[in-house]
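What Swiss-Prot shows for this protein is this:
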- 1-20: signal peptide (SIGNAL)
- Gln21: pyrrolidone carboxylic acid (MOD_RES)
- Cys48-Cys104: disulfide bond (DISULFID)
- Asn118, Gln169, Asp178, His212: Ca(2+) binding site (BINDING)
- Cys157-Cys171: disulfide bond (DISULFID)
- Arg206, Asn308, Arg343: chloride binding site (BINDING)
- Asp208: active site, nucleophile (ACT_SITE)
- Glu245: active site, proton donor (ACT_SITE)
- Asp310: site 'Transition state stabilizer' (SITE)
- Cys376-Cys382: disulfide bond (DISULFID)
- Cys418-Cys441: disulfide bond (DISULFID)
- Cys448-Cys460: disulfide bond (DISULFID)
Amino acid sequence: MIKFALALTLCLAGASLSLAQHNPRWWGNRNTIVHLFEWKWSDIAEECETFLAPRGFAGVQVSPVNENIISAGRPWWERYQPISYKLTTRSGNEEEFADMVRRCNDVGIRIYVDVLLNHMSGDFDGVAVGTAGTEAEPSKKSFPGVPYTAQDFHPSCEITDWNNRFQVQECELVGLKDLNQHSDYVRSKLIEFLDHLIELGVAGFRVDAAKHMAAVDLEYIYGSLSNLNIEHGFPHNARPFIFQEVIDHGHETVSREEYNELGAVTEFRFSEEIGKAFRGNNALKWLQSWGTDWGFLNSDQALTFVDNHDNQRDQGSVLNYKSPRQYKMATAFHLAYPYGISRVMSSFAFDDHDTPPPQDAQENIISPEFDEDGACVNGWICEHRWRQIYAMVGFKNAVRDTELSGWWDNGDNQISFCRGNKGFLAVNNNLYDLSQELNTCLPAGEYCDVISGSLVDGACTGKSVTVNEHGYGYIHIGSDDFDGVLALHVNAKV
């Protein structure tokens, strides 16, 4: 009986830790993450203070923080080829990173680090030099900056069969030297690295290439991490938020279900399907059942996004900033519909898959610059600064914890729905106007459309909608309007 009780206690403790790792540790009613891809730490700190916090963002996913290989031309993907766990990259050094984390936490913005636990750098001709000046010989699996030697890696082999579990989890992903996470020594170095970031005040981690590591090894690593640092405003015994990159199209041996109990999982099917819908390849009327009915993970297990730094560069259904009208409609739907843990993308312009972030002649990443409307210039796209997107972050905050209700569609590509009695969204993806009296579910009054403008000094700078005592209002979205979406919420009532 004593043995049974002990086993039950350990089982419950493990379940409790796993559930805790699904909690993003947001501040207040905020509930949207932004990925500031390849931004410098000093610029993120300022963005937290001057833009993200005032507009209600919840957190920032940052690019990998550890030393990486220096590749010719400085492609973005060099950040995903570790040389050591020293916190020096083109985004800044450890002191600058720590300052950024502190300043963002001070204004209620949580930091989530993209971490590389699966591998080190791939082959390099001769001695490679990292962004902190550390030398390594990847072809010999020699990384003195950690240190790792060949015995800390799986034997070299290629992934040729994605239905072969051994190949997927023990061979080299695109030639990257594959760490043996079952080794006590490797585990200790990874835990030490993550714990140092926790000590500096981060709230959690995006785990790159999680499907290429055995779930049992990740479970051990996650379970061995320290609690979040209470000096940065986290409650006692709070666990780091974990969200794992698991690309699962539903037909491979390694599945997302192996990982979703350990933490959230990146729901790539969400990205693909929302792209198909707003590109016109699937009628919007079908989105009424959006979520688990589409084969997605449970809402609290799914990290959701329209695009990410990888798939925005691929050909296919995924939307990106280059289709701005459809992208803004898809993002509005994403942030208005009650499903998933939402993340929005903040990109830099690219012409090909390898385009580096904006940089000067000395290959230093340059800071974003802004025009008079606050939009980014000089090579940065900054979708999070588009009014139509940051306004929907405010919408999502305003309607938090409300249910979907009042669904309407025209049988095709015009839809609307309510979020309780706090918010209303309408979308027109048809080639003709939407002009209709619709139930907004809102209290009577005049509301500003936060897509076309905002509430300033008691007046709307864009469209407005008058809602009658029955909750109905006249909604017009022209087929040639600049934006194909309209959004109202109680915090934008005149």
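Our numbering is plain: 1 for the first residue shown, then up by one each step along the chain.
Placed from the backbone N, Cα and C atoms, the Cβ positions cover glycine too.
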If you count other C-beta atoms within 10 angstroms, which of the disulfide-bonded residues Cys104, Cys157, Cys171, Cys376, Cys382 is the most crowded?
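Compared across Cys104, Cys157, Cys171, Cys376, Cys382, the most Cβ atoms within 10 Å surround Cys104.
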Which ones in the same chain are close to the residue listed as 'active site, nucleophile', with CB under 8 Å and 6+ residues apart in sequence?
Pro64, Tyr80, Asp114, Val115, Leu116, Leu117, Asn118, Glu245
Based on Cα distances to Cys418 (disulfide bond), point out the closest of the recorded positions Gln21, His212, Asn308, Arg343, Cys382.
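Nearest candidate: Arg343.
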Taking the Cα atoms as reference points, how far is Asp310 (site 'Transition state stabilizer') from Arg206 (chloride binding site) in Å?
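One finds 14 Å between the Cα atoms of these residues.
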Between C-alpha atoms, which of these binding-site residues comes nearest to Cys460 (disulfide bond): Gln169, Asn308, Arg343?
Arg343
May I ask which of the binding-site residues Asp178, Arg206, His212, Asn308, Arg343 is closest to Cys157 (disulfide bond) if we compare their C-alpha atoms?
Asp178
How big is the gap, in Å, between the Cα of Gln21 (pyrrolidone carboxylic acid) and that of Arg206 (chloride binding site), rounded to a whole number?
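A Cα-Cα distance of 12 Å.
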Neighbour count first, Cβ atoms within 10 Å, every protein chain included; then name which of Asp178, Glu245, Asp310 tops the list of recorded positions.
Asp178
Which chain-mates of Cys448 (disulfide bond) that are at least 6 residues away have a CB under 8 A from its CB, listed by sequence?
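Ser454, Leu455, Cys460, Thr461, Gly462, Lys463, Ser464, Leu488, Ala492, Lys493, Val494 - these are the non-local Cβ neighbours of Cys448 (disulfide bond), listed in sequence order.
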For the recorded positions Gln21, Asn118, Gln169, Asn308, which Cβ has the most other Cβ atoms within 10 Å, all shown protein chains included?
Asn118
Out of Cys171, Cys376, Cys382, point to the one nearest Asn308 (chloride binding site) in space (Cα versus Cα); all of them are disulfide-bonded residues in the record.
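The smallest Cα gap between Asn308 (chloride binding site) and any of the disulfide-bonded residues is with Cys382.
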Can you count the other CB atoms that lie within 10 A of the CB of Arg343 (chloride binding site)?
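Result for Arg343 (chloride binding site): 23 neighbouring Cβ atoms inside 10 Å.
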Roughly how many Å separate the Cα of Arg343 (chloride binding site) from that of Cys171 (disulfide bond), to the nearest whole number?
30
Anything within 10 Å of His212 (Ca(2+) binding site)? Look among the recorded positions Cys48, Cys104, Cys171, Arg206, Cys382, Cys441, comparing CA atoms, and list what you find.
Cys171
To the nearest whole angstrom, state the Cα distance for the pair Cys104 (disulfide bond) and Arg206 (chloride binding site).
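Roughly 18 Å, rounded to the nearest whole number.
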Which state, by DSSP, holds Cys157 (disulfide bond): helix, strand or coil?
coil
